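Residues or ranges marked as transmembrane segment by TrEMBL: 87-105, 112-135, 155-183, 204-223, 235-255, 385-404, 425-444, 505-525, 552-576.
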């Protein structure tokens with residue numbers, strides 16, 4: 001699911017991207033010098049610096065992910081469950097820090113400083129990780145004679161964890177800010193932007209992201225498997241150095257937008273003010289007491305979640321407002337728009353919760369499976385065990401444009417929906433594909449395990465059996481279909497329920513779902529390991545996968561996925577008819593207009 005996070009923006013409604021860019025242009029106009037004597041900044045000449053920075057960061061950080069389970073198990077002597085939990089935690093931390101990075105750039109430092117901090121942090125993290133592969137003292141040692149290996153001590157684990165934390169900080173700073181920072185460079189005209197230029201930028205940006213992801217999962221993974229960890233980690237570190245240098249070299253030419261108020265701060269203000277005013281009686285308040293700010297569209301707040309309405313009530317006109325009508329203290333009075341923005345977020349949380357289990361990945365177990373299978377494709381060339389994810393990426397890259405260009409016109413003709421399937425239907429299809437993928441994984445693992453036992457390798461988990469790794473292709477194709485439907489449909493659903501001013505927040509919510517999924521995934525792995533090893537039994541998730549039962553684990557995920565699908569259907573029923581068509585009818589109105597859609601009480 002982390003791959004879709006990088007590619008998802010390409011398939012959103014253009015109004016989502018452009019409203020954010022227009023807002024950035026307004027901030028830029030107010031936050032930078034407009035003197036005719038000042039050297040002109042921004043424009044196409046800044047694009048190579050920005051795109052090289054983002055692409056090489058992707059290659060470097062994604063390139064170490066697929067094989068990391070092998071590094072932890074083989075070189076750090078971790079149990080599979082411990083290594084998987086560490087990778088889940090690492091992924092969750094990166095996703096949570098993406099939201100924090102976006103918050104810092106919006107509210108305090110601006111995008112340039114946050115990307116700069118992130119680039120340096122990623123470089124340091126990858127350098128430390130390379131040192132763990134280069135300096136023997138930073139890894140557990142083994143006795144040569146009897147091949148007994150020690151576990152990693154506290155100092156060795158501290159260095160490893162430090163590298164992963166620094167890489168997560170880097171990813172959390174660079175990824176949420178890079179595309180918007182590039183758009184800032186093109187949005188430099190007064191109250192306007194070159195639409196064709198932006199479209200070209202988006203196309204090149206996402207093409208480069210897709211290519212860099214494939215390079216990471218193929219070339220970098222191949223280097224690690226065939227040339228060892230020293231070179232395999234050294235190459236990403238060098239690429240990250242070039243990435244950081246490229247971004248810093250372009251500094252004199254960048255437009256640097258000033259920080260502005262963050263939506264997260266706005267949400268916190270609403271909760272704080274509503275709590276302060278909790279003793280107010282709403283029935284005694286007239287509509288004239290609601291503070292609207294500069295928004296003439298929202299006269300009064302909606303009736304749902306009425307407690308929050310207390311945040312926008314003017315209690316003392318002289319104390320709460322300045323002479324120009326602005327708020328004296330934003331922590332004592334909020335606008336109707338702020339209140340309704342928070343309500344919009346709360347209304348989508350039930351549907352958001354249905355995505356958490358869908359995003360729970362199968363961990364790095366597929367890499368362990370592929371490592372025991374015949375990976376020869378042609379001649380002596382072997383597909384790296386960690387490159388199986390490329391199948392999903394290629395499938396995703398084919399399905400999305402095919403659906404958009406071929407299926408949507410056909411579906412629109414017969415259903416009357418201009419976007420083809422509604423957002424809920426797309427999410428439902430994605431959930432069914434994920435269940436099918438995990439059921440397929442269970443069947444393939446049953447075959448692989450039986451083959452390993454028949455060939456006498458039950459106590460040799462690293463032995464290669466006579467079974468082609470191409471048996472893993474169907475499950476990754478199904479995963480590609482799932483990711484082509486569910487995440488795009490979910491973000492589209494968020495967009496229909498969010499006001500225009502919150503359109504870019506949908507990706508933040510999607511990222512939070514990834515973090516929650518990593519947490520749930522870790523809980524599931526720990527629970528399965530502890531329950532199935534009761535009484536001295538071999539855990540389903542044993543480090544020796546030939547003695548374990550990954551097939552049972554996959555079957556459990558498939559069963560839980562079906563339960564999640566039933567939960568999804570119940571949530572869809574609670575929301576009522578799809579709102580996309582209604583939202584499209586209002587799409588021609590101004591970007592700053594609010595179009596709040598409420599969750600029915602029935």
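Cβ from N, Cα, C; glycine included.
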Listed stretches 87-105, 204-223, 235-255, 385-404, 425-444 vs the transmembrane segment (505-525), most Cβ pairs under 8 Å: range 87-105
When counting C-beta pairs under 8 angstroms to the transmembrane segment (204-223), the leading stretch of 112-135, 155-183, 235-255, 385-404, 425-444 is 385-404
If one takes Cβ-Cβ under 8 Å and requires six or more residues beyond its ends, the residues near the transmembrane segment (552-576) are 350-351, 353-354, 357-358, 360, 362, 365, 424, 427-428, 431-432, 434-435, 438-439, 441-442, 445, 524, 528, 532, 540-541, 599-600, 602
Under 8 Å, at least 3 Cβ pairs, sequence separation 6 or more: does that hold for the transmembrane segment (235-255) versus the transmembrane segment (112-135)? yes
